[in-house]
Amino acid sequence: MRIQKRRTHVENILRILLPPIMILSLILPTPPIHAEESAAPQVHLSILATTDIHANMMDYDYYSDKETADFGLARTAQLIQKHREQNPNTLLVDNGDLIQGNPLGEYAVKYQKDDIISGTKTHPIISVMNALKYDAGTLGNHEFNYGLDFLDGTIKGADFPIVNANVKTTSGENRYTPYVINEKTLIDENGNEQKVKVGYIGFVPPQIMTWDKKNLEGQVQVQDIVESANETIPKMKAEGADVIIALAHTGIEKQAQSSGAENAVFDLATKTKGIDAIISGHQHGLFPSAEYAGVAQFNVEKGTINGIPVVMPSSWGKYLGVIDLKLEKADGSWKVADSKGSIESIAGNVTSRNETVTNTIQQTHQNTLEYVRKPVGKTEADINSFFAQVKDDPSIQIVTDAQKWYAEKEMKDTEYKNLPILSAGAPFKAGGRNGANYYTNIPAGDLAIKNVGDLYLYDNTVQIVKLTGSEVKDWLEMSAGQFNQIDPAKGGDQALLNENFRSYNFDVIDGVTYQVDVTKPAKYNENGKVINADSSRIINLSYEGKPISPSQEFLVVTNNYRASGGGGFPHLTSDKIVHGSAVENRQVLMDYIIEQKTVNPKADNNWSIAPVSGTNLTFESSLLAKPFADKADDVAYVGKSANEGYGVYKLQFDDDSNPDPPKDGLWDLTVMHTNDTHAHLDDAARRMTKINEVRSETNHNILLDAGDVFSGDLYFTKWNGLADLKMMNMMGYDAMTFGNHEFDKGPTVLSDFLSGNSATVDPANRYHFEAPEFPIVSANVDVSNEPKLKSFVKKPQTFTAGEKKEAGIHPYILLDVDGEKVAVFGLTTEDTATTSSPGKSIVFNDAFETAQNTVKAIQEEEKVNKIIALTHIGHNRDLELAKKVKGIDLIIGGHTHTLVDKMEVVNNEEPTIVAQAKEYGQFLGRVDVAFDEKGVVQTDKSNLSVLPIDEHTEENPEAKQELDQFKNELEDVKNEKVGYTDVALDGQREHVRTKETNLGNFIADGMLAKAKEAAGARIAITNGGGIRAGIDKGDITLGEVLNVMPFGNTLYVADLTGKQIKEALEQGLSNVENGGGAFPQVAGIEYTFTLNNKPGHRVLEVKIESPNGDKVAINTDDTYRVATNNFVGAGGDGYSVFTEASHGEDLGYVDYEIFTEQLKKLGNKVSPKVEGRIKEVFLPTKQKDGSWTLDEDKFAIYAKNANTPFVYYGIHEGSQEKPINLKVKKDQVKLLKERESDPSLTMFNYWYSMKMPMANLKTADTAIGIKSTGELDVSLSDVYDFTVKQKGKEIKSFKEPVQLSLRMFDIEEAHNPAIYHVDRKKKAFTKTGHGSVDDDMVTGYTNHFSEYTILNSGSNNKPPAFPSDQPTGGDDGNHGGGSDKPGGKQPTDGNGGNDTPPGTQPTNGSGGNGSGGSGTDGPAGGLLPDTATSMYSILLAGFLISALGTAMYLHQRRKQNRANQA
């Protein structure tokens, strides 16, 4: 009974409490749950590092006086900017060797030294570092080259700390700031600010005391790097450093080093505690890299040594080092939870300069250019260092000559005046770790300061040492360590050079003669350690023809680095120095050249490699060395190396450089050839120089051209080929064949060319144009029925090679070459009939069949057995021709612009050599053919080469004089008006490389039109970087067109699958953030992309125009013909997919001519527009509360640059289950409102699109909502509810119409569809205004937000009846009186497209934000309580509980009373 009463009592209590508890659950605020709040905060910190910049601020090679893409901080800074955009938590540091190393650094010392020391001027390089906002830096060994005063002044100008812990005063105190600890505010993964103390410490090799003895001795001392670290790092920890970064200007060895080591990174990582990251340098090497794979304690994948992340990012800004640290806070302090070191190359990743760098350094750069271009003298011979490591060399000879000249003057009145003077020099620029272009290559002629700096790279000073004969020999033994040991018994090819030996340590000593026996082991290794004490590689060491005595004394003039023992050379100690000078070696060289005025730096051959029989001593040098090897007796070119830009060469000795004389009956013929010059005459005078050189070297030679002299440059535009003809006559061509472009302007212009008729282009004949002084050979082109050309048709004829000939068109000719007959016949590609404009009367017969018949006639009728086919059918067809037609000895080809730089032979019973020399007169092809007495080619006695024609080739004076007349007149041609534009044509660099522009569209349209007409193309893709300027509204001149398209690129077509086209677009979009030039401007397709995704995953959709004009998704399996330019077609700008095309062809039409032709087609008046071909979209970030936000930094860039801002969602977003709530911050709204064009924001996915004009919104935090509320029985789409809120208030009506686009479920059910407003309360539909239908997408405009869907309007233009079973309520139909009609211009369609491809969905972000409708974001990672609201809720809850409690109490009392009464 008691239990029952107790249970009843409990039930009564629960009945009383339940209602208030339920009410409380509705009233009391429920805090959001964030799992991450309980976890330790994490920070992702990126350390960006540069090292060994060596004054290379600009991407400019001052020694060759031209821009380069290979190095320069101006390019590295683009990578820095990219990483800063990707991660706000970045530090930027420099690891030393910053201010010395090129003429810009030298200029600052020579002309700004006093101002820098006094502090009245900041070192220009430091100004750049300040502008880039470096966080810290350290000193490299070369910072000490200019003395301590200059270094102090340099440091003084830095806005960032420069630290060094191991350079001390003579009393043992730190000479520089040993370390700093800076507190950084970083953002953790939850978006919260965190304070992290970052410490920086720096080190430099102790060897600076030797290398810069004259600047440092008696002033400083240098502590061992590891000792210094262990002394200093505990202090940093004690002062609270959370993270310690070692800026270590020291290299990486693979094992522990002894105290005082030059390269101590391994020891820092293994012998110290507390370092979290190490920046390495000094060696100019790469880490992480494969070189260190498998070495104990090295992890190449993670870029760590002993678990500590390390980077060594090469030199000169070629790479950026990146160390990523994952920091976790535990027990109040930060620890490194994970780390990774990596390096990122500018090659392939950067295609433009950083404006911050260029703007800051520009004036110094210009001053440096003026400085290096100042002439100081002349050289009678070329000076290069291509073979400086294997033979005596002019680039070293001129330096040693100058040093000896200086020493003789300095020592003539000293006690040493009677001692013999020797001079030591080394090749500073010899490829190696610095690449295939890192060689001295100075042509004969003027010598400027830049050339002196190229010959002597460093700021060394002259010093003279006194040594004995045995010490001189050891010096040379040390140098001889450069060579590998060769085993004659092994035979074959053996590499001569030791890759571990630095070229600047290979000293040649002039004044003595000697040989190097490389069959013996080296006495010293690359560090100067004795490894074979009894070995002696130096043989026949003599002075003035007599063997050197070990005790004989010599003076050797060298530099301060070597005289102080630099490089580990034996015997070179300070007591051996008898003359120390402050004069730089470079200054001595300059003074020598100035005094001599003209120098002849020919090597005196005082040293050589001793001959080795039975083996080939091979080595690598630049491919640019090949022409010099071809002329040399002691070096031969073997072939291309696997290393880019390098060739393989071999030494030739007396016993193998002169092969056996040819067998009786062999006859040699040298055939020089060009093809596809396309009116590129700028280097024609240089071409003539090369031709004359070959003629002077050979006895039997002819000169041929394989066609396409026409079309491609202004010279043709102005003179229709007659300027080319003038130059060809001067050069003495023996024959040419027709290319397809010879027919571009029809028979009339070709007839003028064949007759020299200048009536059209030069009526007064000021240029004295004449007919060709050579015949045209054309066996398969029949012009006999063409009235303009038939008079030129001739029968086969014999001409004397090298003499003037009568013009005419012959099927073949015979050339009499010193009594030997050589037949030449011509072939032209058969598709010329459709790809050019020959007219209907000219017939192009089958090339192979014609060749068969022609060869037969030559052999049987002419009895000639030496036959050359001069063809314009393409390289692959040339190879096929050789296989199909017997009897051809040599094919000189054209059409495909192929560079054949090594012998290609097809054996068809007898061999046929196939050649082609690329394009535009860039090369002179040369084939040296050896025939036996039967006319059969002896390929083993024949040779093929291509001779480059570039700035290193002198211009023939006579040809130059003729050419200059044409060049001068072309300046007037450039002012010729070619059209008019009603709008400015946007070629702004920042636009054409990031988005669709009207100029990009116009160019792509012209390319597509021409390629469609000539080759059936359907698509055009061109690189935005090829558009170099815009054109203002008004008249368009030819000069402006050439400024837009200055490269003279030609039209190229390639057959690509849909998959490859998408890949091409991905390649074009891979480097947009850095201003890469590959950005694809297009015609014939539309594409959508986002930069939120990584390269390779940026293209979301590609559509192509179908034959009926619709835009349909591109089929990945179908093949399409794509038009582009020849640069992109060859894989340029990273478009490698074009090189994989199933078919590729250069149509030869030059870009600016296509541009002007497009103008003519449009009536010379144009107004191109941005049409929406290219759509860049922004992917929002989904927060944990389900809302979406826009990344502030990335969206700020996007909102400014995009043509139309789009926010793109996945296919399922906006559904009933996944409503969209996009929160746009106040600053983001402001950015959108400030846009000059189309200030709007469009949200879209596959099913819908909404475009909101910013005029409808105030500058405030905004929340935009889209949600599917299901579908109606009568609707053709879901019903969507659109909302927008600002400051917590819903905005119902708008000033400007909002565009809505919805996609239908089934287009088959559509009958006059339109978008309708759904008013559930009134059970009514209202049609939106200005509707349109595009396939299955329906668009309408409204001035208020509510629910909308697609309905059929029917034939009476009325909607169906409102379904009776649909719920009512919700929308009351009152939207502030807003109508559904847009006022003003109708916005463009903003519909989306296909669903987001895999891997491109917006990613979930970290950090939460507020719920509710205001759209304002709370603090990332959690919500602070709303105190006022909470207190109010608590008071209200208390009141309700009291009231309810009282009511329940009274109710229970009444019941009890009734029970008692009962």
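Cβ from N, Cα, C; glycine included.
If you check Swiss-Prot, you get these features:
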type: BINDING; residues: D52, H54, D97, H284; note: divalent metal cation 1 binding site
type: BINDING; residues: D97, N141, H249, H282; note: divalent metal cation 2 binding site
type: BINDING; residues: Y458, Y561, R562, A563, S564, G565, G566, G567; note: ribonucleoside 3'-phosphate binding site
type: BINDING; residues: D708, N740, H872, H895; note: divalent metal cation 4 binding site
type: COMPBIAS; residues: 1405-1421; note: compositional bias 'Gly residues'
type: MOD_RES; residues: T1427; note: pentaglycyl murein peptidoglycan amidated threonine
type: REGION; residues: 36-623; note: region '2',3'-cyclic nucleotide 2'-phosphodiesterase/3'-nucleotidase'
type: REGION; residues: 624-1427; note: region '5'-nucleotidase'
type: REGION; residues: 1350-1422; note: region 'Disordered'
type: MOTIF; residues: 1424-1428; note: motif 'LPXTG sorting signal'
Report summary line: With neighbours defined as other CB atoms within 10 A, the best-packed of the binding-site residues D97, D708 is D708
Report task. Between the Cα atoms of N740 (divalent metal cation 4 binding site) and H284 (divalent metal cation 1 binding site), find the distance and write it as a whole number of Å. Result -> 51
Query raised in the report: Considering only the binding-site residues N141, G566, D708, H872, which residue has the minimal Cα-Cα separation from D52 (divalent metal cation 1 binding site)?
Result: N141
Query raised in the report: What's the CA-CA gap between G567 (ribonucleoside 3'-phosphate binding site) and H895 (divalent metal cation 4 binding site) in angstrom, rounded?
Result: 54
Report summary line: For the binding-site residues H54, H284, R562, H872, the largest set of other C-beta atoms within 10 Å encircles the C-beta of H872
Report summary line: For S564 (ribonucleoside 3'-phosphate binding site), the closest of the binding-site residues by C-alpha position, picking from D97, N141, H284, is N141
Query raised in the report: Taking the Cβ of A563 (ribonucleoside 3'-phosphate binding site) as the centre, how many other Cβ atoms fall within a 10 Å radius?
Result: 29
Query raised in the report: Restricting the comparison to the binding-site residues H54, D97, N141, H282, H872, which residue's C-alpha is spatially nearest the C-alpha of G566 (ribonucleoside 3'-phosphate binding site)?
Result: N141
Query - Candidate with sparsest Cβ neighbourhood (10 Å radius) among Y458, Y561, the listed binding-site residues - result: Y458
Query raised in the report: Using an 8 Å cut-off from the Cβ centroid of D52, H54, D97, H284, can you name the remaining same-chain residues around the divalent metal cation 1 site, in sequence order?
Result: T51, I53, G101, G140, H142, G281, H282, S315, W316
Report task. Give me the mean pLDDT over the region '2',3'-cyclic nucleotide 2'-phosphodiesterase/3'-nucleotidase' (36-623), rounded to a whole number. Result -> 93
Report summary line: Smallest Cα-Cα separation from H895 (divalent metal cation 4 binding site) among the binding-site residues D97, H282, H284, A563, G565 is shown by H284
Query raised in the report: Using a 10 Å radius around each Cβ and counting other Cβ atoms from all shown chains, which of the binding-site residues N141, S564, N740 yields the largest count?
Result: N740
**Report entry** Where H895 (divalent metal cation 4 binding site) sits in the secondary structure, as DSSP reduces it to three classes
**Finding:** coil
Query - Count of other CB atoms lying within 10 Å of the CB belonging to G565 (ribonucleoside 3'-phosphate binding site) - result: 19
Report summary line: Rounded to a whole number of Å, the separation of the Cα atoms of R562 (ribonucleoside 3'-phosphate binding site) and D708 (divalent metal cation 4 binding site) comes to 57
Query raised in the report: Any idea what the Cα distance is from N141 (divalent metal cation 2 binding site) over to D97 (divalent metal cation 1 binding site), rounded to a whole Å?
Result: 6
Query raised in the report: Near H249 (divalent metal cation 2 binding site), which residues of its own chain have a C-beta under 8 A away, given they sit six or more steps off in sequence?
Result: T51, N95, G96, D97, T138, L139, G140, N141, G202, F203, V204, P205, G281, H282
Query raised in the report: When the Cα-Cα distance from H872 (divalent metal cation 4 binding site) is computed for each of the binding-site residues H54, Y561, A563, G565, which gives the smallest value?
Result: H54
Report summary line: Same-chain shell around divalent metal cation 2 excluding D97, N141, H249, H282, C-beta within 8 angstroms of the CB centroid, reads T51, D52, N95, G96, L139, G140, H142, E143, V204, P205, T250, G281
**Report entry** CB-centroid shell, 8 A cutoff, divalent metal cation 4 site D708, N740, H872, H895, site residues removed
**Finding:** N675, D676, A706, G707, F738, G739, H741, E742, T828, T829, T832, I873, G894, G1148
